[in-house]
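Record features, source TrEMBL:
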TRANSMEM  A:15-32  transmembrane segment
TRANSMEM  A:44-63  transmembrane segment
TRANSMEM  A:98-120  transmembrane segment
TRANSMEM  A:132-151  transmembrane segment
TRANSMEM  A:163-191  transmembrane segment
TRANSMEM  A:223-242  transmembrane segment
TRANSMEM  A:277-299  transmembrane segment
């Protein structure tokens, strides 16, 4: 009997995000007839695609018991770098050389920029023992500053139809950003569940000392994880920029909070070692559905923030209660 | 052997990506092609002298616009207003015949009959900023401008022209009780309509005593 109850409780815990999402959708369906439509569903998916990309990287970091506050600024800088490369290329006056970038080249350049910024975060955290909170907070300011310098504080717009397709196009009826987010999620799931790197990530988050003693190169894993998260933030930046057809110097403001919220609501423990990418996807969908529902219900944007904060707090309280029971 | 094969495949993949990603040109040739920087002052002067007058002549009466918006907002906003940016703010070029009620340091309050009472309108005479004139004129298409900086510089030039050529002589001459014809841009928030003392950014001001 106790064993059966335990299994029931475990199942409930495992699917708590999905259950919360179903309850939320059911309530919203009754409250507004605009909610449960195909168009609105695609709209929600398009909106959450960027958060899913960022939050997936954040999940890997949080699983190692870290945090990355810089993703919003990295997103803005990499979006700007991508369109800067696409529109202006790189000038080398000394050699009378102009290096132009194709769409593929600009995207790769943006992703590389994100990877390097993430690598720098990881390097500062592992080599200089800077707490992740502080290192990434510094990067938040540095990257935002570089974005302002690079764009001179002005948006860069009119980026062409090909680039805009990444943000607002559709393939087989599904928005392109959703396809990108799906690929990112599948890749992250593969890494966490099917590779040595995935096992190392969980091991480091569970007990860093034990992981170190068992021969895992902790610094290398952490640097890789932060770099990967940086590249995913860059990918988010490319989607946002393409969707707006404009690189905004203030893009991605407080996106890190939405990403952390998705991770937490999805059941990943902030102390590391526990959680999953699927949980984070659920968390991102819950936040997206909540935002969408509140807009459809004409709730004031100020109240929307209050409600969102309340949901995050509730998710953490439930998670902590679950941990105590365990 | 297997190791070498791995290296060869990696190098080939990187090479292919690089080949598909970048291209090279002579910087001097590229510079020569893009040397013509946008001349905001010239562009603005051209539309000011050649096209804006027609738009001012065909501006809708403010009271007509208010009535149209109150009767059928979607249609009225679609027909009479314009916006280059996404959002609730729309701009329209409006005209009004009114009497000067009060001359302030930063604006002139004018009154005109509307419905059963008097409508007070604020005509800005000091702080002329923003994109209202540019957007209300419908003379600028966002697609023609590669960056927002150029687009914004048109607004700056239009506002500067209004400040120097329209407002200066008007401020020196206007007094309470004057009859005036004001043509200018009005910014309307679609989501929060408020007709209590709407503000006009003037483009043409005539004292018609």
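Using the three backbone atoms N, Cα and C, a Cβ is placed for every residue, glycine included.
Just so you know, TrEMBL annotations are computer predictions that nobody has curated.
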Cβ pairs under 8 Å between the transmembrane segment (A:277-299) and the transmembrane segment (A:15-32), at least three: yes
Residues of the parent chain within Cβ reach of the transmembrane segment (A:163-191), under 8 Å, 6 or more residues beyond its termini: 42, 45-46, 48-50, 52-53, 56-57, 59-60, 83, 86, 103, 106, 197-198, 232, 235, 238-245, 276-278, 281
Close approaches to the transmembrane segment (A:223-242) from elsewhere in its chain (Cβ under 8 angstroms; 6 or more beyond its ends): 49-51, 53-54, 56-58, 60-61, 64, 66, 68, 70-72, 74-80, 82-83, 107, 110-119, 121-123, 125-126, 159, 163-168, 177, 180, 184, 197, 201, 248, 251-252, 255
Spatial neighbours of the transmembrane segment (A:98-120) far in sequence, C-beta under 8 Å, 6+ residues away: 57, 68, 70, 74, 77-79, 81-83, 85-86, 89-92, 139, 143, 162-163, 223, 226-235, 237-238
